[in-house]
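Enquirer: For reference, TrEMBL lists these features for the protein:
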{"type": "DOMAIN", "residues": "B:10-244", "note": "domain 'PABS'"}
{"type": "BINDING", "residues": "B:Gln40, B:Glu115, B:Asn145, B:Gly146", "note": "S-methyl-5'-thioadenosine binding site"}
{"type": "BINDING", "residues": "B:His71, B:Asp95, B:Asp163, B:Ser164, B:Thr165, B:Asp166", "note": "spermidine binding site"}
{"type": "ACT_SITE", "residues": "B:Asp163", "note": "active site, proton acceptor"}
Number of protein chains: 2
Amino acid sequence: MPEKMIPGKHLWFFDYFPGGDVGLFMRISNMVHSQQTRYQRIDIFDNPTLGRVFALDGITMTTDADEFMYHEMLAHVPMFSHPNPVSVLIVGGGDGGTLREVLRHPGVKRAVLCEIDEQVVEAARQYLKTSESFDDKRAEFAYENGADYVKRFKNEFDVIIIDSTDPTAGEGGHLFTQEFYKSCFDALREDGILTVQAENALYDFGWTKITHRRISSVFPIVKAYQGFVPTYPSGYWLYIFASKNIDPVENFRYDDAKNMSQKLKYYNEELHKACFVLPNFIKNELKGKM
Amino acid sequence: MPEKMIPGKHLWFFDYFPGGDVGLFMRISNMVHSQQTRYQRIDIFDNPTLGRVFALDGITMTTDADEFMYHEMLAHVPMFSHPNPVSVLIVGGGDGGTLREVLRHPGVKRAVLCEIDEQVVEAARQYLKTSESFDDKRAEFAYENGADYVKRFKNEFDVIIIDSTDPTAGEGGHLFTQEFYKSCFDALREDGILTVQAENALYDFGWTKITHRRISSVFPIVKAYQGFVPTYPSGYWLYIFASKNIDPVENFRYDDAKNMSQKLKYYNEELHKACFVLPNFIKNELKGKM
């Protein structure tokens, strides 16, 4: 009997995808941290194949093996589409991976991480490598509901990135409303760009479509793009890019993207364009402003 | 307690990814067919989210929800890269999905499905919608080891598609050797194209690299491309395109691809180019003839 099959020897984690009939299982070789906060349950454990895994309310947020795929695509597509991003707001993203990617851009003077749950940031600082940029002096932390926070700003940020949990989990729902997207529009400067994680086309496609429609009612330019994130439901993730005037395919900083991609593991200047080319069944559902 | 959690009420299927520490679980709402053949175990069942699922030796081969993503990308990229494919060989693919896509091309006069296990073809005919083209009069069936079969032909086929199971499962290993790729080269006509399913970049990347290297030692033009297949390990699948003289990005039948893509759910003429743009960590490992 393989060592891992000995009854009672191991813990297992089950990430149930929406519907509850399909999901990903992972063996827990080392349970690192488990905690109930005011908002959600935090679990951090190690898996022999994926490395350290971080989950909220039983939903996988990051693993060492693939967090870069998600964070690089969420951050660099808007950052290289903007001509000169100086002031950036990240809503959610308490693990720090998106912040790390944003702070790779030398022109950034200020990056605010607005995370509702301070305990997530604390756990990340203690247990996750994605927190490596927390001490960068350009990073600021705000612990509150992102929808309330963004309402207080007008004409303030160049790029806003929504790195939320699922709309149906915990406090995530606040970050998927039309009112929230309108607040983001108002908080952005003239060349402002909003990018949101927008779920997947198999288990959560209803949410992708709702998100796309709501953002399209607020921003003049809206385009969906794709990337791989093996430990998220379906492994295939969608993002929505929205802007006041910038087209991300026609007008991105190609040379800067090419330069930085030398240091990156996923994103590159050719993918920046290719990621906007979607399969028919997705393209046909996300009509309108595409 | 949710209905699906009632103890003893349901069967579950666990697809263990290589390593055995991560995998996909699916609830079996209806067990359709289970059989041990001379070569492998066949399981066919229904899942509320994925529809009908077909597995060999515990490894998911097709589901209603995503089989088109795999079959369209495996078939149409080589078929639209060839100027006029008339004679096609499919090795493996007993479910019939690749055959269905190949036979969409009106110029095809002969499509041979060489599947080692006749029982797979029989089970597909009885239980899987992917078998819908089995009665097309252009389809031929050969029940033998693909490596032996292809050796008997010289200058015979325009396109050969390897739709195999994993190299480590059952008889799959025969279809990943350099000798086999050399036989394929010899069995192809002047403008011949070989395309193989080439595993994934997270759980089986070693096999992707070996496959790429072996094919590169036989064919002058070799390029890897990507697609999503949510129920395969990682959800992100790699394919290798190899040819005697055709570059699939520079020289494909754009107008024909655009026309047919009206009827397809995944593949389109823009994706034909975009699917060859790979993330850095894959591109950097598959150097050489890329």
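Including glycine, each Cβ sits where the backbone N, Cα and C put it.
Have a look at these and tell me how they're positioned relative to everything else.
Expert: Within 10 Å of the C-beta atom of B:Asn145 (S-methyl-5'-thioadenosine binding site) sit 18 other C-beta atoms, taking all shown protein chains into account. Classification of B:Asn145 (S-methyl-5'-thioadenosine binding site) by DSSP places it in coil, neither helical nor stranded.
Taken residue by residue with DSSP, B:Asp95 (spermidine binding site) is part of neither helix nor strand, so it is coil.
For B:Asp163 (spermidine binding site), applying a Cβ distance below 8 Å and a minimum sequence separation of six or more within one chain yields B:Leu74, B:Ile90, B:Val91, B:Gly92, B:Gly93, B:Thr98, B:Gln197.
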Enquirer: Would you mind reading off the Cα separation of B:Thr165 (spermidine binding site) from B:Asn145 (S-methyl-5'-thioadenosine binding site), to the nearest angstrom?
Expert: 13
Enquirer: Of the binding-site residues listed here (B:Gln40, B:Glu115, B:Asn145, B:Gly146), which is spatially closest to B:His71 (spermidine binding site) when Cα positions are compared?
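Expert: It is B:Glu115, whose Cα lies nearest.
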Enquirer: Express the distance between the Cα positions of B:Gly146 (S-methyl-5'-thioadenosine binding site) and B:Asp166 (spermidine binding site) as a whole number of Å.
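Expert: Checking the Cα atoms of B:Gly146 (S-methyl-5'-thioadenosine binding site) and B:Asp166 (spermidine binding site) gives a distance of 14 Å.
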Enquirer: According to DSSP, which kind of secondary structure is B:Ser164 (spermidine binding site) found in, if we only use helix, strand and coil?
Expert: coil
Enquirer: If I take the alpha carbons of B:Asn145 (S-methyl-5'-thioadenosine binding site) and B:Asp166 (spermidine binding site), what is the distance between them in whole Å?
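Expert: Rounded to a whole number, the Cα-Cα distance is 15 Å.
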Enquirer: Give the distance between the Cα atoms of B:Glu115 (S-methyl-5'-thioadenosine binding site) and B:Ser164 (spermidine binding site), rounded to the nearest whole Å.
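Expert: Between the Cα atoms of B:Glu115 (S-methyl-5'-thioadenosine binding site) and B:Ser164 (spermidine binding site), the distance comes to 9 Å.
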